[in-house]
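Here is what TrEMBL records for this protein:
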type	residues	note
COILED	4-44	coiled coil
TRANSMEM	49-73	transmembrane segment
TRANSMEM	85-105	transmembrane segment
Amino acid sequence: MGANDLKSAEKDKLNQMLSQLQRLEQLRHARQNLISDVKKKSEMKTRQIALIIAVMLALFVAISVAFAMNLLAASSSGIQNILKFTIVIFVIGTGVFYLFVKFLMTRGFLKTIFKTMADKAEVASQTQKNDLLGESQQIIQNPIFTQSDVPSKYFNIQNIRMILRYFDSGQAYSIKMAVSLFENDLATQADHYQNKFQNEPTIYELEVQACAHKGGQTID
């Protein structure tokens, strides 16, 4: 294999790695979005149930009051007034009961209803999480990573882009050479690169950790 062919093949490997790392980042963000989605859906369901309970209670009170007052009504105008009064009671009652039911929920009452609802949401989100983790698992086990000449500590998007630049500039024709140049730059510009690349786990490491906990209850 000629130097140009080797350079092209090595660069292709890095581009594949970059593409896979970008996908890992997308999968991680998708799992994190599940958290906010579950919370939003749970809050929406909670408001819906609270409103239904409030409407039922207010309707019961309004009908009871209307029935009691109707027994005392002596004219059609009196009945009309009762109807208006009943509507006012229903509207105000709905608001008051809604706030009351929400208050009970914040104090831990009605746990059975909302625990069941939360459990269903958790099962659904856990299934989606496991599907996403399954794809991450396939990626991190790809030979492009497990048999790479790039050390795993550099498995993130920024580092791979930096290593690719040595190919683009004509300084390297193999991954080993590009990594060596990259590490030399890390050493000579330690302060700059230390802050930019070295302080946080790579996306690859984060996904390895997440896959190791697959099946748990935490959405990583």
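Just so you know, glycine gets a Cβ as well, placed from its N, Cα and C.
Nobody curates TrEMBL annotations by hand; they come from automatic prediction.
What you see is a predicted model, and the numbers here were worked out from it, not measured in a lab.
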Distant-in-sequence neighbours of the transmembrane segment (49-73), which means Cβ under 8 A and at least six residues beyond its ends: 79, 82-83, 85-87, 89-98, 100-102, 105, 113-114, 117
Confidence summary for the coiled coil (4-44), mean pLDDT rounded: 88
